[in-house]
Amino acid sequence: MSLRQRPLQASNSTSRTTSEPPGQPTNPTQPNCHPSTPPRKGIRLNRILGRIVPIILLIYIAFAYDLVVVRYAHRHLYLQRRRTLLPIVWLLPAHGLFLWSLRAYLRVFFAHSPQYTNKSSGLISWLRTNFGAAFPDPDEAQQLEQQRLNTLATSLSNTEVKIELCQADGQPLRCWRDNCRARLKAFRMRHCGDCGTCRVGFDHHCAWFDNDVTAPATLRAFVAFLASIPPLYVIAFGPLFPSAWHTLKQIKDFTASDAVIRSKWYNKWYSWIGGPAFRWIVGYALRASRWPKPSKDRWPHESPRTPVLVALGAVFVFVATALAASSLTQLRRAMLTVDLERAKAYGKLRLQMEKLEKLTNGSDVEKLTAIRQKMETLSPTQYFKVSTKDKNSGEEKESIVALSPEEGLLSRGSAWANIGRFLGLKQASSSDGPAWLLSEPALRKILQAAALLPRENSN
């Protein structure tokens with residue numbers, strides 16, 4: 001999920017004018033001229049997890065629904081205790097929140113490219129069309145970027161302006177991975193190695209959904225799903241907390257009085273091979289297998305399954321809360337997950353290069369060059385080729401402008417403005433387009449660096 005086309009050398013200046021005509025063919029020795037690489041056939045862990053995790057979630061939801069609705073609400077509250085109003089008052093908000101959470105999950109799980117519905121038919125296509133979000137088309141994203149630029153450059157009445165994402169030497173920035181086939185890259189477009197294609201506003205490929213999370217197409221639904229898990233857990237399992245704790249204590253007392261379990265497991269040396277946690281889990285499974293069958297004296301929801309489901313739900317809540325907090329913290333700084341991971345990798349490479357320079361005094365040129373090449377690949381600084389054409393004289397010029405995150409490349413303003421933009425809130429995105437587009441201040445800085453707009457007075 002990284003850009004692999006940046007050159008080895010980068011210009012130190014933020015703007016320069018080139019004398020080559022825009023239509024000049026690319027030199028075969030340039031990095032952009034290698035053939036596209038075939039799709040990777042190796043095993044990717046994220047893809048394997050993407051097949052397993054949704055199934056685990058589905059199984060957990062089925063068992064949890066049986067425990068909460070069937071065993072506790074229906075059999076215990078309604079049939080045994082003759083409560084009618086209480087289950088209704090409790091289950092209505094629980095089902096409402098569950099359906100809202102399910103809708104958010106399906107929007108990410110069934111997200112698809114715009115071309116998908118035109119080439120597929122059947123149940124899966126219907127589900128994707130009606131429940132899934134549509135990823136922005138990369139070509140349309142570039143057209144929208146140019147339209148915004150044309151609007152901003154209306155003050156340049158006699159000059160046509162075009163801005164393209166490029167390398168430091170002015171070569172077009174293309175993706176050669178998998179099936180992209182030298183696709184031109186736009187701002188905030190990243191390649192997903194798990195899906196084998198470029199995504200506009202790419203954040204990360206999530207194994208929970210076996211799909212890409214992009215801003216704002218699926219990022220809003222992703223955060224909404226994560227935020228819905230803690231309240232849904234409390235509402236659904238809250239009445240069962242005392243029963244789960246009571247059942248856990250009963251199983252513990254049952255184990256202490258059962259000589260068979262102690263002789264088969266707890267008194268054996270190999271019970272400690274996997275550590276205390278493994279010893280306790282296997283012991284719990286043995287206790288559950290010898291747990292007496294349900295009777296009239298025991299509540300329907302009183303089973304070894306209850307503490308397990310409550311504990312697993314707590315794990316889901318912890319993971320979802322951590323992911324939601326991490327995502328919102330990054331969005332406050334206008335950073336997506338892929339930006340953070342690339343920044344971490346860039347920092348590690350910089351420390352590695354500094355350490356190697358100290359050890360070898362700069363003599364190991366081959367390794368240092370390889371590290372610099374990787375650093376250029378992961379550099380947060382973006383380069384833009386500004387092409388201009390005078391409508392009267394027909395004179396054409398090109399300038400290469402570098403813009404870094406510190407200069408306002410990513411940010412949209414305040415923290416709440418950044419969050420609102422990336423989550424696709426109407427009040428935040430109506431005036432400046434989608435979050436994956438360059439902001440108007442960033443566009444102005446690029447045009448100012450290319451000497452097309454006057455620089456703002458610092459006073």
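Cβ atoms are placed via backbone N, Cα and C, with glycine included.
Bear in mind that TrEMBL entries carry predicted annotations, made automatically and left uncurated.
Now, the feature entries from TrEMBL:
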REGION    1-40  region 'Disordered'
COMPBIAS  8-20  compositional bias 'Polar residues'
TRANSMEM  48-73  transmembrane segment
TRANSMEM  85-106  transmembrane segment
DOMAIN    177-264  domain 'Palmitoyltransferase DHHC'
TRANSMEM  221-248  transmembrane segment
TRANSMEM  306-325  transmembrane segment
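For the transmembrane segment (221-248), the partner stretch with the most Cβ pairs below 8 Å, chosen from 48-73, 85-106, 306-325, is 306-325. Applying DSSP to the domain 'Palmitoyltransferase DHHC' (177-264) sorts its residues as follows: 45 helix, 19 strand, 24 coil.
Here the transmembrane segment (48-73) has Cβ contacts under 8 Å with residues 87, 90-91, 94, 109, 194, 205-211, 236-237, 239-240, 243, 300-301, 305-306, 309, 312-313, 316 of the same chain, all six or more residues outside its ends.
If you average pLDDT over the domain 'Palmitoyltransferase DHHC' (177-264) in this model, you get 89.
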